[in-house]
Amino acid sequence: MCPKLPLLLVFFLYYAITSLGSDPDPVQDFCIPSTGIAACKNSSAATVEDFVFSGIKFPGKFSETGLAATSVNVNIFPGLNTLGMSFVRADFEVGGINMPHFHPRATEIAFVLEGEIYSGFVDTENRIFAKVIEKGEVMVFPKGLLHFQMNVGDMPATILGSFDSQSPGLVRIPNAVFGSGIEEKLLEKAFGLNSKEIAKLRKRFAPH
């Protein structure tokens, strides 16, 4: 075997993994979908309105956890198509939380517009990196790592988040574990819960 072959193989695998692990680079200035995400509208037919989204001027509907989050991704803002980025506005009532979750396809950077937010993430060695961030501060959540937020101030808070993917994905841990239909016996052993407790959690986090 050629002595350089293993080294070349390593370089090839690294290139393949890094290139496939993020959104591909666009091959044109923009691609406004015309009939679904695959086909682009003729660029001569594009207008400024294709590149403006007004849906986050105000907070969205608050959930029982005290969070109102409005995602700005390619599904609701077609102008993002092929540009490799997306956005979110998250508003918190006093004591409101953004439950532990992760984005499988994107790193997120969050900017505190108003308020005080206890914010952090957990790495693959189970270390926590968390602190209270205030108005004007920024925190980054590495791609695929579990993270969370809670309003610890005495007034409503707002965060603006940016992602390096047009479709970052969202996996909420409680919903994924208790709302997805995982076998009950597995959950009993994993969390030390009885069937009544699991049924209660399943009811709470079941898809609506």
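Every residue gets a Cβ built from N, Cα and C, even glycine.
Here's what TrEMBL has on this protein:
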type	residues	note
SIGNAL	1-21	signal peptide
DISULFID	C31-C40	disulfide bond
DOMAIN	54-199	domain 'Cupin type-1'
BINDING	N98, H103, E108	oxalate binding site
BINDING	H101, H103, E108, H147	Mn(2+) binding site
Based on DSSP, tally up the residues of the domain 'Cupin type-1' (54-199) by helix, strand and coil. 22 helix, 59 strand, 65 coil
Would you kindly give the Cα-Cα distance separating C40 (disulfide bond) and N98 (oxalate binding site), rounded to the nearest Å? 35
In this structure, which of the disulfide-bonded residues C31, C40 has the fewest other Cβ atoms within 10 Å of its Cβ? C40
Checking the recorded positions C31, C40, H103 against H147 (Mn(2+) binding site) with a 10 Å Cα-Cα cut-off, in sequence order, leaves H103
Taking 8 Å from the centroid of the Cβ atoms of N98, H103, E108 as the cut-off, which other residues in that chain fall inside it around the oxalate site? V88, H101, F102, A110, F141, H147, G161, F163, P168, L170
If you measure between the CA atoms of H103 (oxalate binding site) and C31 (disulfide bond) and round to the nearest Å, you get 24
Which of the listed binding-site residues (H101, H103, H147) has the least company, meaning the fewest other Cβ atoms within 10 Å of its Cβ? H101
Going along the chain, which residues six or more apart from E108 (oxalate binding site) have their CB under 8 A from its CB? V140, F141, H147, G161, S162, F163, P168
Whole-number mean pLDDT, the domain 'Cupin type-1' (54-199), equals 95
Near the Cβ of N98 (oxalate binding site), how many other Cβ atoms are there if near means within 10 Å? 24
Tell me the Cα distance separating C31 (disulfide bond) from H101 (Mn(2+) binding site), rounded to the nearest angstrom. 30
Using the Cβ center of H101, H103, E108, H147 as the Mn(2+) site position, which other residues in that chain lie within 8 Å, going by their Cβ? F102, A106, F121, F141, L145, L146, P168, L170
